[in-house]
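Let me begin by presenting the structure, written as structure tokens, before commenting on it.
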């Protein structure tokens, strides 16, 4: 049995050792000099006999004195040469050893001109005027007389490979300052090892010898140094006299490449109309994409190739790049950003030498393909202490031609080895294309240009592996008069808003009894202006967004493109301003609603009930009137204070559901097509997103409003009408003053004369009312009008203040700003409160019954103008006026009657947070939370005011 277990364990170990699912982590550096690395197996294997591993440890090569005998296999087989033979340099043959030593001016030959091996190695002297190459396989022409470099009159450059007459180098002295590279972002100066070795040689070969590759290389070094030419010895100073667009008469500039545009050329170069090709937004068309071409150069100035530019070449971000080929789609935007760890950013490059690019736009002029040079706007260019390319003044821009993705070589110091001290990388690249707006130039574009910004990281950043942000953007736009139309609309509508605000302020002043303009009036006017200006600004921005959305998505020819991001930023600022102004109106609304004067007029009279006989006489007893009916009405009023016609949670939920889940947000993608699915790297236009948000929000609101008003309130439950019915059932009227001489009245006097009764009597009253066996509920005989707007006489307000003054004193003393509590009031004050309440109740009941000789009112309807402007022409000084309303005018002092104001505020708040966060889900969550907080504040202060004005203990307000 033990033997069986042993065999099983050994079999398992053997299985595990042959299974490659779990392998050791081995790199080529772990292999020895006679081993090579197999990447697929992640292991090292032994080379064959007489072989050794290559320098990269990925293959095997013959040993020093061995030749190749088999080339069929992956790694050739080798065998050693005989003892008196030695292998050739290519390890193909063995030659007989000799004691011949070639001289310094000789080259060594191992084969005949026809490729056959010689019997032995021979030496051949280079002819006069030539010298041996480093590997001694060929003769090269001398650069100086007799191939000698006199130490007294000449200098060796490029590590002793270039001899130059000293007088030709006087313009470029060998000083430390010559090799300094300044990195302004990180504030580091590095003495570059590359510049120390190559700069003076390149300057000499370009300027003195007119060597084209050397001049191209100087252009590359100028690009690396961000086009600075302030030092005496600098690669950019070579181009100082040629900072202009080349012309056919610029023959003297050759072989200098085109690196700079001229100062002040930007406004001219970016507004030329020389590109004759017409582009279209129709998908699938050959002209629906821009074709960019790039000339690529090595660091030494040699041309790599001239071919079409793929968007992938401008990407440092790792990824699969699905959909990247649509980056140059005409009329659309492209955006991709990522954060790359510093070590990964360096590790993804194959070589430390960068590739330099000159970009062109390829277009068809009708006869042949043409190339148009694309200028570059490098934000990092510094002139003195300023950065002209970071400003908005185009006339100050300095355009250039050449760029690179990453610089790993210039930051290698002469004092250190290994990683560079500073690395430069392309942080931001943005291709900007402006379409021409003229009708006859439909589809034509101005010269595109690229906006570049480079980042810099130090060796410390690399050691800590900090994240490096990288962004690639393509933007198409068309200049238009949208901003002019917006400003013009705001200017014209501002006059209307001013007049409308004056009318509203005059109406409010009249209701408050303000006959002259004072500080209060000016404040009310300012607040009213804030409200109307907020609505006006928001509507103008909304119309702009909806107009752009429909025309941009529905066009078949190039009529309109998305406005520039600067214009979108202006619209966003307008949205923010409108929301901030709207807050002022909402604060005033809540303050007014929580400071109204409200009194519950109890029409119930004490009834006399018979008692037991005493001494043969029937005794009577006067019953007290119950206060619970007032408590009941007050609670119902407290409940409807924040009642609205819609459910805001459902409103936000369905809005977010349609935009995010169903995909309507993708209709706002910055491309002419309409998709319900997300398009890779196609950003959501904030202007179009704002338009879609408002459209979807409005549709959801309209559906909710119709469902509530036309169905739910009509056939199921109408809380406003129910409150009026409850007042009639409780025999209590509600007297509300929202201003000094203006307010609302709910006539709740019972048609039965009393309500403080038992269940059987109450049901009987309701049955008689259904059978029309009692009088109507209306204030006027024979009518059903129970709700009114009213202007009251000044004498009524005076009496109201006089009666309520003791109560206010008691409340200020007992309550100290908190809610009303009966237990905090002493017995003496309680008697005063009861007397004041009874007096006010009797007074208002007498006034409503026309029982006061010098204090009366009339009932009439408002005229059309009064309804339209929201004003009252009557003078409230002598006689009050009750205006017949639509049945619920009193809802102006609760949320229900201000639904339009509140829903606009909801939409503004949602738009505000969408603009700030660019996330509709987060914006919806924040909006819902803040609206709930606002509702809680309104309820809390509303209950406190209700308890204070109606003398009901707040603890009874549920």
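Glycine is no exception: its Cβ is also placed from the backbone N, Cα and C atoms.
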Of 597-625, 684-712, 713-741, the range TrEMBL labels transmembrane segment: 684-712
Transmembrane segment per TrEMBL - which of 524-551, 748-775, 776-803: 524-551
Annotated range (TrEMBL: transmembrane segment) out of 456-474, 627-645, 646-664, 665-683: 646-664
Matching range for TrEMBL feature annotation, transmembrane segment, among 394-415, 416-437, 482-503: 482-503
Which range of 340-360, 361-381, 571-591 is transmembrane segment, per TrEMBL: 571-591
Folded-back contacts onto the transmembrane segment (893-914), same chain, C-beta under 8 angstroms, at least six residues removed: 531, 534-535, 538, 575-576, 578-579, 582, 585-586, 589, 592-593, 596, 640-646, 648, 651-652, 655, 689-690, 693-694, 697-698, 701, 719-720, 736, 738, 744, 920, 922-924, 926-927, 930-931, 935, 938
Segment proximity, the transmembrane segment (684-712) to the transmembrane segment (524-551), 3 or more C-beta pairs under 8 Å: yes
Cβ contacts under 8 Å made by the transmembrane segment (482-503) with residues that lie 6+ beyond its boundaries: 525, 528-529, 532-533, 536-537, 540-541, 544, 548, 563, 567, 570-571, 574, 869, 871
Same-chain residues near the transmembrane segment (571-591), Cβ under 8 Å, at least 6 residues beyond its ends: 486, 527, 530-531, 533-535, 537-538, 540-541, 544-545, 686-687, 690, 898, 901-902, 904-905, 908-909, 911-912, 915-916, 934, 937-938, 941
